[in-house]
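This report concerns only the one structure given below.
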Amino acid sequence: MHWNIISKEQSSSSVSLPTLDSSEPCHIEVILRAIPEKGLQNNESTFKIDPYENTVLFRTNNPLHETTKETHSTFQFDKVFDANATQEDVQKFLVHPIINDVLNGYNGTVITYGPSFSGKSYSLIGSKESEGILPNICKTLFDTLEKNEETKGDSFSVSVLAFEIYMEKTYDLLVPLPERKPLKLHRSSSKMDLEIKDICPAHVGSYEDLRSYIQAVQNVGNRMACGDKTERSRSHLVFQLHVEQRNRKDDILKNSSLYLVDLHGAEKFDKRTESTLSQDALKKLNQSIEALKNTVRSLSMKERDSAYSAKGSHSSAYRESQLTEVLKDSLGGNRKTKVILTCFLSNVPTTLSTLEFGDSIRQINNKVTDNTTGLNLKKKMDLFIQDMKIKDDNYVAQINILKAEIDSLKSLHNKSLPEDDEKKMLENTKKENIKLKLQLDSITQLLSSSTNEDPNNRIDEEVSEILTKRCEQIAQLELSFDRQMNSNSKLQQELEYKKSKEEALESMNVRLLEQIQLQEREIQELLTTNAILKGELETHTKLTETRSERIKSLESSVKELSLNKSAIPSPRRGSMSSSSGNTMLHIEEGSEISNSPWSANTSSKPLVWGARKVSSSSIATTGSQESFVARPFKKGLNLHSIKVTSSTPKSPSSGS
């Protein structure tokens with residue numbers, strides 16, 4: 001299997017939408033923890049620590065300290081702890097901000113850096129007397145998650161990874177030692193995500209479940225702190241916590257991961273310090289720290305000088321070592337990184353090198369963004385798009401229907417009375433009316449002028465005919481006008497009917513849309529609930545599998561211990577029930593020993609084989625009379641002694 005150690009694979013029901021770059025620059029925080037000086041009593045210290053200003057002043061008053069630095073150099077860090085600081089002081093400054101970042105969906109990294117035996121493992125992992133940052137973070141994190149689950153109803157799942165990098169090879173610390181094999185690292189070209197093939201994550205549901213895995217890491221840390229060179233004490237230790245939180249109320253999903261990295265000594269190893277290693281092994285041992293220094297140097301130069309293009313150099317530096325491959329996202333990526341420097345103030349070269357490394361890495365800016373997405377967002381977006389398509393199709397169909405009705409009304413109106421013909425008819429009617437008025441006026445004048453004269457029959461007939469024709473034309477025009485008015489009224493009624501029908505359809509569509517929106521909200525709630533339940537089921541399933549594997553491992557260990565215990569020889573007493581020998585006591589009918597009290601109530605049997613083993617030293621084999629004392633049985637007869645001789649046997653004395 002492949003395991004993504006940079007960002008946990010998100011559930012298929014959630015997806016991040018393409019948005020604007022909301023990342024914020026965040027420089028790598030550097031914390032210095034000084035170890036008490038040795039060998040500089042009654043002399044002015046070379047390094048002056050100011051825990052209030054968080055500065056370290058380097059002074060070269062001693063001429064024996066050869067260095068290329070100036071006489072006075074000041075190093076500024078985010079926090080400086082002097083030699084009087086305790087574990088509680090360091091944890092008070094670090095633990096709660098780290099946990100708040102994890103709970104808010106940010107990725108984080110804590111790295112310890114410094115020379116060997118300067119307190120790196122002690123600060124990160126701790127000891128039996130004083131816990132370090134790692135167990136304190138785990139305990140506080142679970143307390144907060146469980147509290148949020150009780151008060152807010154949030155659900156969560158936690159998984160852990162633990163591996164070490166030794167000689168440019170990665171090993172899983174959560175598998176038994178005989179089964180540990182080198183693992184392969186793989187990083188896709190388009191993403192920052194790093195995958196470790198065949199690594200075994202452990203899913204935990206409480207701090208009690210996590211303690212056994214923390215103990216495995218503590219064992220490695222103690223091995224490194226003690227400098228046990230028979231083991232891989234010169235290895236880099238990486239412990240990862242992945243936290244997934246589901247907020248049902250706000251309908252959001254938060255994914256965050258935390259690296260806790262304990263590096264081996266930052267000094268360069270050679271034959272004087274590692275006499276048992278070959279030159280190739282020493283080269284691989286120094287390769288990871290050198291690659292880390294080169295990467296930090298390249299990135300800090302890029303930050304100091306914007307014109308400096310370090311793209312090629314630091315990209316190649318990432319690939320120089322598996323350590324830098326693992327820490328790639330912590331150096332300039334999407335992580336809030338904190339580096340804890342530990343050093344001996346009495347050792348000027350190593351302390352100065354450590355301070356310079358801290359000054360360089362502090363100039364690197366990471367682009368940090370929270371890993372918060374909508375719960376079940378992909379399915380909701382698919383549902384939303386599907387609903388929008390349905391609504392669009394509904395609106396398009398409604399528009400097409402209305403367009404068709406308008407076209408039909410226009411065609412009916414055009415068929416009943418073309419617009420041009422109607423205008424012409426109205427104009428002709430107006431002209432005829434004007435002519436008729438003029439004719440009536442002329443006729444009226446003629447009649448008025450000829451009232452005293454005798455009317456001309458011919459003129460009267462012509463006038464009468466003209467008036468009759470005009471009256472018929474007027475009647476026809478009025479009839480056509482009435483018909484047109486009736487047609488217009490019918491069209492108006494049809495238009496009003498269509499409008500009322502359209503309003504009814506619109507109101508029906510509104511009601512349907514309201515029903516669709518209601519069903520959509522119900523479906524979204526169901527999808528959210530299903531996603532939460534699915535996530536919880538997956539979490540419990542993984543937790544069950546992890547516990548089952550843990551139980552099998554413990555059963556196997558118990559079985560091996562029982563077999564080893566049974567294989568250890570133990571002193572045996574001379575008794576009839578001893579299993580130290582394979583000699584069987586053969587008793588036959590008629591033999592003299594069968595008449596002894598030891599064989600009471602057994603003489604009726606023709607042949608009896610002893611049901612217990614006796615040691616080879618329990619029965620005398622010499623020719624002279626020798627005896628042995630048999631221990632009493634736990635059950636049956638209590639026989640004190642049996643005497644066996646090569647001559648005529650005598651009855652042994654009865655013990656009871």
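Note that the numbers count up from 1, one per residue, in the order the chain is shown.
Every residue, even glycine, has its Cβ placed from backbone N, Cα and C.
Pulled from Swiss-Prot:
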type	residues	note
BINDING	G114, P115, S116, F117, S118, G119, K120, S121	ATP binding site
DOMAIN	27-364	domain 'Kinesin motor'
MOD_RES	T583	phosphothreonine
Fewest-neighbour residue among binding-site residues, criterion Cβ within 10 Å, set S116, S118, S121: S116
List of residues, in chain order, with Cβ under 8 A from that of K120 (ATP binding site) and at least 6 apart: T112, Y113, G114, D262, L263, I340, T342
PLDDT averaged over every residue in the domain 'Kinesin motor' (27-364): 83
G114 (ATP binding site), number of other Cβ atoms within 10 Å: 28
All-chain count of other Cβ atoms within 10 Å of F117 (ATP binding site): 16
